[in-house]
Amino acid sequence: MANLQGNINLIASGIQYALFIVFTSIMFPFIDKTGRRTLLVWGSIGMAVCHFVVAGMLGGYSVPVPEGVDGNANVVMRVTGSPAYTVIAFSYLLIIVYALTLAPVAWIYAAEVWSTGTRATGMAMAAEANWLFNFALGMFTPPGFKNIQYKIFVIFGVLCIGSAIQAFFTYPETCGKTIEEVEELFKKGALPAWKTKKGDSRLVARVEAVQEAKAHGKLDEVLADTHMPGTIGEKGVNDPTGRVD
């Protein structure tokens, strides 16, 4: 499609997998600093932009190749020159954006929203859905290239925009919250998803307040305000031995 031939085509295909591994590995230490919603929303928007640019280049500058490109009957258009380089660049950028955002955070978010009793089943369902959609995408893409050509990237871009909208309005921020607090985010009457923020864990805030009070000799005042059962141990809350319930 981008007029790459021979070993260059193989090398170009291999680069995208290398980019995916490298940038996914780079992102893991920063996921808890950026939050889940930020990565899901802006990652989807960034991927949509890449899809629309590729669609524009192919729609505006490609030439028809009815017999197929390099013997591939499903690829019936070709771009050359600067448009081809643009297609390649934004295809790589798409992989980078995906590797930095949706690729790692989707699995983390999927694990965080399930309760302890349903997490194993929920993650199994998520993995099954992932592979089913990968299979469907693999079956859809080749005939899509042949029949609707560049418009397939428009469809992908629209789906990414839909993903961003869904994440913004329905995915509350789970970063830095306990399991109990995450469950409260999905209860009826909970704070709207777009108003939630990362962190803000009440348990963490209480523990920090107790530690600060102990340092300033005001532990009794904090105990009266927290309304937490039990006592404060040297290492934690609710247990004289320091165990946190």
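Positions of Cβ are set from backbone N, Cα and C atoms, glycine also.
Remember, TrEMBL labels are computer predictions, not curated facts.
If you look up TrEMBL, you'll see 1-175 marked as domain 'Major facilitator superfamily (MFS) profile'. Averaged across the domain 'Major facilitator superfamily (MFS) profile' (1-175), pLDDT for the predicted model comes to 90.
According to TrEMBL, the feature transmembrane segment maps to 6-28 (among others). Within its own chain, the transmembrane segment (6-28) has Cβ neighbours under 8 Å at 70, 88, 91-92, 95-96, 98-101, 103-104, counting only residues six or more beyond its boundaries.
Note on the transmembrane segment (40-63): residues 1, 77-79, 81, 83, 86-87, 90-91, 93-94, 97-98, 100-102, 105-106, 109, 149-151, 153-154, 156-158, 160-161, 163-164, 167-168, 171 of its chain, located 6 or more positions outside it, place their CB under 8 angstroms from a CB of the stretch. The annotation transmembrane segment is assigned in TrEMBL to 40-63 (among others).
The annotation transmembrane segment is assigned in TrEMBL to 83-110 (among others).
Under the heading transmembrane segment, TrEMBL lists 122-140 (among others).
TrEMBL lists 152-171 (among others) with the feature transmembrane segment.
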